[in-house]
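Colleague: Got a structure here, written out as structure tokens. Questions coming.
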């Protein structure tokens, strides 16, 4: 028999009143006796504190505080301690006779909250002789000691050999070890279990019926429904496993997706930035080198530009000076041209005016003659008109006079008188005194002849006068011509001057004829002179460019030299062009090769990465495609072997699962048909009756019953007889045993127990010898033990299966990876390294570029030399034809000479042009200049005299004519003849008057016409004279202007002036063009120099900046590389294929990954902060830190239970495999969902029956309990009506509610809750979830109602309530219930602890004085029968004859309080004489 563990002693150190006090505890009852405040409750509080050191539960109050909601602020513990370190320990001897000291170190915490610090500890292996007080204190004098702190206690125990000290940070661990060592009856897994235990201790401490316990008797007394729970687990195991698997799949998928997403995006984010910085660093280096080269080249270019600027400035200065001269010359030429053009226009005007004057002079002479003739005609017409007028007047007067004559005589007398008067007038005029009418006619002829003669003489004189007038006009004209040509000259010198002019005229004509040849000659010489000057200018420029002076005679030799040099340079330039083309073609070919290799490099790098990953994952070195194919064959072979092994393990696992399923059947029935048969026969399976046997008894009973252990116990076999014949589905052997299932025992067999076997005597002639089975399966404990072993074996096989599945998946994925590698990368994976080739080609490219640069510089120099030579040769080609000009030194003299001759010729031509016509006019009339016609006045006088004589002759002739005409009048001497004469005279007079009037009219008309014509001729003459004078004045002015102009206007002067101006204009334009070109070139050069200087400054700034960037980038890069290498992520980040991407593409890639990462890490504060910090572009190392943080985070997230790697990238691979395995397990477990609601109902019903039986057995132990009027205590167990209805429906009417249990959306628990609600609609479910309600319905304890009843006096059995019982009766009844609970806990926990451990039993009772002596005796009897220890407290000694009694007296000595303790062994025990155990405690 296993001996029960006992509490040996209780030790208090530094408690209020107890410095170091050990209470030895009695094996049954320990009584603490003493007055109020003696320390009884403090002692019990120390025991409870050591037993349950949970400050959330401890609350020590007085009995008067029972039921109070609040006590002292410190819950009664702080005030029971003294300052400093305090201890409360329990010394225990367990069933294994091991000494265990458990306890707590307590210490007050300063502060107004009055807190207490508790540290539980345990000591094992302590020698029996050593007392706890010796261990916890240290003597510092004869009568003084100090309390050891916990660390010193630990050091002291460490020095003891074989002693183990353990300090606990968790109350759960403390209680777990106490349970394993048998100190406490129940495993306290949680705070709820601790609370139950504390409530039990508290209820026993304060006594009475605890409402906290009675309300929760089901939780205290009824164990968890392991049978129903197991059945439910069988039913929902697959569901739960499926859910777990689904959750695992979901978590794994989430982890995989998270891993893959984070790894992918973080790798893209960081590696893109990493490679971008690597590329930028390389770019910075290249840029720095390029900038340095460009800086040096710019310095050289600036020096060249400065030299060019100086040369062009010098040339510009020269050209500017020449430009001023050319501008002056051009302006002078333009002015000269303008003057020549003005002179030409003036000369044209002069010529025109001279022509006009000559024409006017001719017209004037003609008009003068016309006017003179018209004057003479007018005078004649005037005389005629006057004579006609006189004749008319005379005739009119005669007619008038004739009218006055009244008679003929008178008229005749008048006529006669008139005739006489006419005769007298004729005589007077003719000076003929002897003139008579008779001889008048003779004298008329004489005088008419005389008149004729006078007229002829007048005409002669008139002709002479006309000739004289003409001679005078010619002289004047000749004289005027000479004056016009020579100027003012005397009339006497005119002849000599005219002769000289005419003498010089031929020579001047000869000179004038030479003007054009001279002008052409001069133009030719001037052109030659200009060409000579240009040639000299070219020669000077050529010498300046050559930097050496050359003479004209040296140019031909220099030309041949330059031609040879040009030919050599031309060949060199052509060869350099071909060489440069070849080099460029080579560069282009290299560039194309680099481009092709660059395009192939990422593919090759990706193939190499894949190949290296395959090599790392498989641990194989693959050097060729043959190695790859051979290894793929090996993978196929390994896959086949692993698949075969996996299938074998799967078969073993299925076999084990069948065994587990068979052993997991309810009531221990291996055949499910037995349960149905037991229900049909109204019996109970034998295995169900013996379901609670211990594992130690299982072999015996298994051998005892043999094959009948699977039989059915029925109340009456005769009632079963009728059912046997109708059985259709039953096992081959069916054992039926008659007996009462409620009180069945093994008395049905006559058996003898032997060593590891049982001999069963069925009859005298039939024995059965059954050995103990090696693996007993009879009884729940044995089955559970076997199930545990099978589960372990199944777990081992499952793990092996998972490993093999993992290996198969891994091999398959490896083969798939190899297949993908073969399909994608095998063609390029084993090619030569393109990057090495790229490096070699780039090096060659750089060398070629350098060579090409040097060659181009040489070529540029040669080209410049060739261009200079070509320009020099061009200049020489222009100079060579003009060498003779350059050597002609007399050209200027000849030009001056010809220019002088031309001036003379032009002067002669100009003189002839001006006076040629005058000379031509002068030549025929030069002779008139010899004599001056001074007799012109005398001749004019003779003419006037002759004119008067002719007029007189006319008058005389007219007078004679009149006399002749009046000759008849001389006959009117008689009066007889006067009338007839008057009539004839009248007629004649009238006729004559008419003729005279007509003559007068005609004469007037002629005179008027002549006057008009004369006036017109005079006007024409006047206008001609005016025009002549005006033109003559204008001609004088023009001559004056020509003199003022001072330019000879010949025919070619304008052409020469224009050619000269045009030449100078061209020269000036060329000069200006050159100046503009030079200015532009200088401006461009200055701009180029400025830009070069700016470029130099910028290049220097950029170079220093890029150099600083290179230096800082190098420092940062070193830090980054150090961080990368230290954390081993270089392989992940240094993705060489990214080196071939542009910076923009890498930045875009990093930005896209950044956006995805922001979403991915939004729920992770650490990664979110790291990502936010990593966004700083100036701190690239933070991106590495972020990547490391991601790796660390993912390493922490790796589920080590399913993934066997620390690398997140490898974890992704394993996750893929694990997903496939978990999915396969899910499919397999779904097939296990095969239990009905009827089975669950049967399990719950059987469990309820079993627990009812157990309660009945507990009731049997309490039936003899007696307290006061109470004669017994029992527990009533009833099934709730609503729950019983649920069981009936589950058993018999489950088909009606399959809609709930077959629903894919509802779990079995939820279906149970829905069914319960459907059956009991009146029950209010509140806010609880169907899952929670269903889980409660699967717990059999919720189907039962427990009530405590007492048998009290005449009332019989009634419900135990404090109000219906006395205090003592209530305390006793409550104690009985607590004992029942403790027993129930021990039975429930029997399978959980060691089989050689029987736990301690101890309860408390404060204020036990409320019980009478008989009740106390009952308690003592109960403790003895149940092997239970009891600590009671009372003011006075209770039953001192039994147990151990301590008398406590609290004393105060010198302000020092202590408790005086006296211990007394009970004298009624089988021990020596009463023993005094007294010890004064300081």
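Going from the start of the chain as shown, residues are counted 1 onward.
Backbone N, Cα and C define each Cβ position, glycine as well.
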Colleague: Looking at 1157-1208, 1209-1260, 1261-1312, I want to know which stretch Swiss-Prot calls coiled coil.
Modeller: 1209-1260
Colleague: Give the number of CB atoms, excluding that of residue 35 (ATP binding site) itself, located within 10 Å of its CB.
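Modeller: There are 12 of them.
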Colleague: Across the region 'Flexible hinge' (666-783), what are the DSSP residue counts per state (helix, strand, coil)?
Modeller: 47 helix, 25 strand, 46 coil
Colleague: Sort residue 34 (ATP binding site) into helix, strand or coil using the DSSP assignment.
Modeller: strand
Colleague: Can you tell me the three-state DSSP label for residue 39 (ATP binding site)?
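Modeller: For residue 39 (ATP binding site) - judged by DSSP and reduced to three states - the answer is coil.
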Colleague: Looking only at the coiled coil (784-1116), report the model's average pLDDT.
Modeller: 78
Colleague: Which are the residues of the chain, 34, 35, 36, 37, 38, 39, 40, 41 excluded, whose CB is within 8 A of where the CB atoms of the ATP site average out, their centroid?
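Modeller: After dropping the recorded site residues, what remains is 42, 1433, 1435, 1448, 1450.
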Colleague: Within the chain of residue 39 (ATP binding site), which residues six or more apart in sequence place their C-beta under 8 angstroms from its C-beta?
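Modeller: Within the chain, residue 39 (ATP binding site) has Cβ neighbours under 8 Å at 16, 17, 18, 1448, 1450, 1459.
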Colleague: Looking at the binding-site residues 34, 37, which sits with the largest number of other Cβ atoms within 10 Å of its Cβ?
Modeller: 34
Colleague: Enumerate same-chain residues with a sequence separation of six or more from residue 38 (ATP binding site) and a Cβ-Cβ distance below 8 A; give 'none' if the list is empty.
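Modeller: Result: 1448, 1449, 1450, 1459.
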Colleague: Output the one of 36, 40, 41 that, of all these binding-site residues, has the highest number of other Cβ atoms within 10 Å of its Cβ.
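Modeller: Highest number of other Cβ atoms within 10 Å: 40.
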